[in-house]
Amino acid sequence: MKKIALYFLVPLLVGLLLTGCGSTATNDQAKEPPASQDKKAILVVSFGTSYPDARKACIESTENKIKDTFKDYQTRRAFTSDIIIKKLADRDKLMVDDPEQALTKLQQEGYKQVVVQPLHIIPGKEFDDLKAVVDKFAADKAFDKLVLGRPLLGYQIDSNNTKDFDVAVDALKKQLPALQEKQIVVFMGHGTEHQSNTAYQMMNDTIKQANLPAIVGTVEGSPTLDEVKASLAQLQVQDVTLMPLMLVAGDHANNDMAGDEEDSWKTQLKKEGYTVTPYLHGLGENEAIQAIFVQHTQDAIDQLNK
């Protein structure tokens, strides 16, 4: 009789155990959100460069700093320059997406929350074009949440906030050489016809307030090289260190700033009697500048999570 009871009891207990285990597994799965709900990405956008060493030292280093800081996010890259994208594809077989392509891929892969962080210096035309792309994806509701971060000097996004300039000047201090009397640094910015060109004069004002031996000029905007020359004459300096106020030391830095051509800044200033030393390192190599872009990414994430 006992054997018969055990014969029926054992399968019953096993069945109950299996049922209980199955129930627990089902409940646990219900508590876990679908993988797509967790998919978050940061798209790091820069103009790009065709100089491999500059790309690694300035762009990749900044991208990696962002990637290492925000480990819960997938980090992707996009360049805004079609010319550079094509050149890299043709010359190096290196494929880089533009912002629209990169965002389309993120949408197709099921990402739900996306931060687009530009590595631009000012909110000029390149930034406006990027914003138009982001706005299009936002209007199409391509993602649950989509936020555009601000560039290095993002003052036009919040006109009452000039803190970005103070922070940027503090970061620039870390790359200045030890200067003696009658020595100065001249930063070369890109310049633009866009209204955001006023950022360069604001940088000059902030540098002056910080009592730094430095001034800012631009290649394609103002202050012009002639204005730089006038400032140098007024300051009665003798030695000039040229530094790019650009993310990478690319074509402008190597040719317009430090080239041997007649119209380069180095040649022009030497003609004026100055001793000229070029510094061919982009801002992206400056860890303090990298930290600013990390903070701007954090600010964008904070906005994303509101």
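Quick reminder: no glycine exception, Cβ is built from N, Cα and C everywhere.
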From HIS120, HIS190, HIS296, the one annotated by TrEMBL with GLU220, HIS252 for Co(2+): HIS190
Local Cβ density at GLU220 (Co(2+) binding site) - other Cβ atoms counted within 10 Å: 13
Note the Cβ centroid of HIS190, GLU220, HIS252, the recorded Co(2+) site, then list each other residue of that chain whose Cβ lies within 8 Å of it, in sequence. MET188, GLY189, GLY191, THR192, THR218, VAL219, GLY221, MET246, ASP256
Ten-angstrom check, please: count other Cβ atoms within 10 Å of the Cβ of HIS190 (Co(2+) binding site), all chains counted. 22
